[in-house]
Amino acid sequence: MTSVEDALSIARTGFTPITAPRATASVTPAASTPRVSATLERRRQWERRYRMRLRITDAAVILIAVALTATVQLVSGVSVIEAVRNAALLGLAWYLMLSALNSRAAAIFGSGATEYRRVAHAAGLAFGITAIAGVLLEWEGLQPLFFIALPVGMLGLLFARWTWRRWLQRQRLSGRFASRTLVVGATEDVEYVIDSLQKGGENGYHVVGTTLLDRTAGALRIGESIYPVVGDLDTVAAAAAQLGADTIIVASRPEGSPDFVKQLSWQLEGTAAELVLSSRLTDVAGPRISLRQVDGLPLIQVKIPTYEGGVHLLKRALDVVVATVALIPIALLTPVLSALIKLDSPGPVFFFQERVGRDGRRFKMVKFRSMRTDAEKQLAALKEQNEGAGLLFKMKDDPRVTRVGKVLRKLSLDELPQFWNVLVGDMSVVGPRPPLPSEVTAYDGTVFRRLYIKPGITGLWQVSGRSDLSWDESVRLDLRYVENWSVMNDLQIMWRTAKVMAQPSGAY
């Protein structure tokens, strides 16, 4: 590169282009063992501090849970020795299982579902070990461990992890505790990876530069952000050092270079903490993906979705429990809402509408009425004012909505009677949006997959923008949920729904 080109590159990006000679196909053996760089050591320091906070919090929660249980045992007449023995065994097993299952691994810091799943799994193993030991050794007084320590400890651990996760996300949004990331590959693939990372600023990756296959200098604009292009594929380690990057994401590798990733990992020894390979397996949840080794060949295995069996019986059980509990306060709230609806607009309190459920079965969905009684008749006249795309009709200022109805919709209170649909088996608490028959007749291609499971009161569409979503985005979120359902995801969506109701947006 000429000096003029160097000057232009520095002016545009603020980084001096790397002009190191291209390496040969083979990696030159290092003269000594690679040493940890200052950048990598800084990252490891904050990871150690954060992990220590998790350890202290975990120990405190477990101690409180087992101490409370031991107190109950003492009050009920269990001897001090037995109470302390039971509490000590459970507490030790629980803490060790959290470590054994890598619930504090740096790779899952702030990840949410994966972290919570490991915490829950550790609790199950700890209580299983304690129960087996109690049976074999004929210990008494173990029942309170399951009825007191388990719920108290589980809720405490999950809440503590959630609190630390929120704290870490806030730190990352402010630019701290994020992995300084260099993205390597073809321009199109690099743009795809960075665009995906930009959508979630809390993911822990802060892109500081790129290394592209087709050019070695300049800048890459993605949205409103500009990223410097530094070095080439033979100088990735030098580029990472120049940018202070501790994570390398390979968006794509050059053709005809089967050993590219292996050689790159050698270059990065002592320089970077992570070498991440990007995949275009979009909308496939982590639990469905596993890695297999066949004679040194790494194979990515994707589990085919299933829509029957025990796991879906568990979903139904969760629905029944949640609906039963929810209908109690709803029954107390109904007289008040009914009076408001009646005073605001003449007509029935409840609105029944035919919707399509699992396998195309039709049912009557019930809601609190939020529109005038002649709303369906006025729909044809309002079609030209539709603000939505695809098959959905949307109007931010729909004249058919009553004054009370606007409040009900804003707070999602109009949907509360749908818990009855859940209880009788027409719907699920979490699932795809329940479609109208007219929408289903216009479905094409893969959209029919939305009908593989029961529709839900809430879902990914509800916590990701609601009426602000386009038709295509709504379908994509529904299909992602259908194929990747899990109990933990349902619980997360329920929690996110509660937050959306507390701070409503996108509902009209």
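Quick reminder: no glycine exception, Cβ is built from N, Cα and C everywhere.
Any TrEMBL annotation is an automated prediction that lacks curation.
The feature domain 'Bacterial sugar transferase' is assigned by TrEMBL to 315-502. Summed and averaged per residue, pLDDT over the domain 'Bacterial sugar transferase' (315-502) gives 85.
Marked as transmembrane segment by TrEMBL: 59-81 (among others).
As annotated by TrEMBL, transmembrane segment applies to 87-107 (among others). Note on the transmembrane segment (87-107): residues 47, 51, 54-55, 58-59, 62-63, 65-67, 69-70, 115, 118-119, 121-123, 125-127, 129-130, 133, 145, 149, 153 of its chain, located 6 or more positions outside it, place their CB under 8 angstroms from a CB of the stretch.
The transmembrane segment feature in TrEMBL is assigned to 119-139 (among others). Outside the transmembrane segment (119-139) by six or more residues, the chain places 82, 85-86, 89-90, 93-94, 96-98, 100-101, 103, 145-146, 150, 153-154, 157-158, 161, 488 with a CB less than 8 A from a CB of the stretch.
Sequence annotations record features per position, and here TrEMBL assigns transmembrane segment to 145-164 (among others). With a threshold of 8 Å between CB atoms, the same-chain residues lying at least 6 positions outside the transmembrane segment (145-164) that come near it are 50, 53-54, 57-58, 61-62, 64-66, 68-69, 72, 86-87, 90, 94, 115-116, 119-120, 123, 127, 130-131.
If you look at the transmembrane segment (320-341), the same-chain residues 6 or more away from its ends with a CB under 8 A from one of its CBs are 349, 368-369, 402, 404-405, 408, 413, 416-417, 419-420, 422-423, 429, 494. Positions annotated as transmembrane segment by TrEMBL: 320-341 (among others).
Listed by sequence, the residues of this chain that lie at least six past the ends of the transmembrane segment (59-81) yet keep a Cβ under 8 A from its Cβ atoms are 87-88, 90-91, 94-95, 140-141, 144-145, 148-149, 152-153, 156-157, 160.
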